[in-house]
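Written below as structure tokens is the structure these notes are about.
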């Protein structure tokens with residue numbers, strides 16, 4: 001009703017304006033309302049652009065759609081909800097990390113399932129699904145087939161190392177690993193045949209679209225998760241540090257943008273600001289250097305896990321995690337107004353690698369979030385889900401983590417892992433590829449060779 005009266009008022013103003021213009025141009029007089037009204041209706045399309053007459057009042061729920069948090073009236077309520085959820089997530093994350101490698105891997109699996117569920121629902125159409133009973137089940141068949149393939153390859157060696165002492169289990173696991181690829185292949189072929197047999201007339205386009213969408217989801221979800229699990233078994237440090245840096249960057253980007261954000265950063269994310277981006281980058285790089293020193297001093301975080309047990313780890317930390325002492329320059333210790341109490345500082349070599357992680361987490365990884373923002377705009381949705389209050393869905397929290405996990409693994413394998421063949425690598429190959437009798441034969445022959453060498457010596 002208010003909008004109706006608003007339109008009448010606007011049209012009255014338009015008619016008065018046009019009547020004045022028509023008088024000046026000689027097309028009529030002020031007392032010719034019929035002619036003026038007809039002319040006004042013809043030109044009303046262009047006059048809709050007059051902001052004073054047709055200004056749309058934004059809905060309260062969308063008041064922050066294009067504004068920064070610094071100007072949002074409800075920002076403190078939003079911040080409280082987001083902070084409450086963040087505290088719970090960080091607390092749960094810390095507890096799972098403390099419990100060890102297997103529990104962290106289980107957490108990754110649960111996150112994968114939630115991400116797949118949210119992404120499957122993006123292109124789901126209820127009307128079409130009613131005519132395709134069991135079609136959703138087919139998506140999950142492909143999902144768990146991909147999970148069997150990825151985790152079978154990643155965890156095969158730790159599983160062998162776990163059951164080595166039991167001859168029956170060792171033989172059973174060895175056969176599973178031997179035929180693992182064939183099992184996964186025929187499982188996929190079964191799903192492929194299932195898909196072909198369920199094709200229905202007038203539904204082909206929707207079904208093939210869902211088939212392609214399912215495979216894209218599997219690539220996105222399992223590519224990053226495979227690298228994540230590999231990082232976990234290389235040592236929790238190589239999983240925890242990159243993941244923590246993404247969390248730190250996200251928190252401080254929100255805080256700096258909340259209080260100081262004024263300058264827009266990218267159109268894909270209207271709430272992202274240069275102030276938040278720069279403030280978070282500096283904080284993340286400093287945190288990387290400090291956090292690496294703290295985490296690198298715990299052996300249970302730095303030792304790689306070679307089996308699927310849950311016990312605490314003890315190992316030689318390696319040169320990266322052995323502190324090096326550096327004497328501070330005299331000009332620093334002589335500054336009396338600083339009252340600097342230390343003559344030297346202790347730095348772990350891994351801290352220099354951590355700086356590279358900090359740079360990537362603050363500058364490159366946020367583009368994963370920008371990609372997700374563009375993706376959501378393409379599908380005209382605000383969030384991938386609503387499972388985390390104030391944050392959206394699980395996928396909304398994993399966008400930058402996916403980019404970071406891949407980088408962490410590639411960086412570790414390229415610049416951290418020592419080249420060459422180690423005793424551990426040879427033992428892994430023996431335990432994986434030789435059965436128990438072959439291992440006994442190798443042991444006997446190796447013993448004979450060593451005895452001969454000792455005899456010649």
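Backbone N, Cα and C define each Cβ position, glycine as well.
The feature transmembrane segment, as given by TrEMBL for the ranges 87-116, 297-326, sits at 87-116. The transmembrane segment annotation in TrEMBL falls on one of the ranges 57-76, 117-136, 137-156, namely 137-156. Only pairs six or more apart in sequence are counted, and the transmembrane segment (87-116) with the transmembrane segment (211-230) gives three or more Cβ pairs under 8 Å, enough to call it a contact. Per-stretch counts of Cβ pairs under 8 Å to the transmembrane segment (350-372) identify 273-295 as the leading one among 137-156, 176-199, 211-230, 273-295.
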